[in-house]
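S.K.: Annotation comment: Swiss-Prot describes 152, 173, 195, 234 as S-adenosyl-L-methionine binding site, evidence class sequence analysis.
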């Protein structure tokens, strides 16, 4: 199937109405740009963060609609202009959109990722680069965690070095399930993944099935009672601080915990909250992010 871009320029007061009408009448997508971009008349649309912008569209707006090549653009634009209440149909130009194998193009942007000593995160359309690799088959999807983000990488490196055969592991904020799956592949016994997002829980279950990893997933209310040998939480600094008591209570005395989703400048603040329960410090830093790791004190 081939496509074309219908490009029309018009005053800002009509841009939103025309865009909405084009979508209602069958345009596949619509975007609005500054028609004066890269000229002396270019106008910034937004000001300082937190302030209400003075304008919600550019003085001279360019509306770009992606349409099926079988659609008559003149008829479509005339109908949209009438629907939007314009006095006349704007002038327009057509641009041919080069046909692409979009699946192949998307796949080409995701290559296998090497992490730690033996870990490879491999999309389903690739083969494992090394015969002795510890392979996690994972495709980009709706849930966070494909190994590309520094925090995920840090936690994976820590798990590879930490997990011992048969240990119990809790992945709190599991996202795609990548850390829970890795823990299982590293030899862990009972592994549990918890996430606040039901969609992430379903994605994690699917990924575990694909990787033949026996992991139990659920929402926070499903988190089992009791303690774990290892707890890992790759979330963000504020939730980590709020959940410090709960997460620390999930670690067995003498057990290990790793926390990430923490910027280097936030490390001391997060560590100080956990210091009541855990002997904790920065384990490793990567691209401005840190992984904090420690051991729960026997006396707590």
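Every residue gets a Cβ built from N, Cα and C, even glycine.
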S.K.: Could you tell me the maximum Cα-Cα distance in Å between the residues recorded as binding S-adenosyl-L-methionine, namely 152, 173, 195, 234, rounded to a whole number?
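M.R.: It comes out at 15 Å between the most distant Cα atoms.
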S.K.: For residue 152 (S-adenosyl-L-methionine binding site), just give me the three-state DSSP call.
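M.R.: DSSP call for residue 152 (S-adenosyl-L-methionine binding site): helix.
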S.K.: Just to be sure I understand the packing, how many Cβ atoms besides its own are within 10 Å of the Cβ of residue 173 (S-adenosyl-L-methionine binding site)?
M.R.: 25
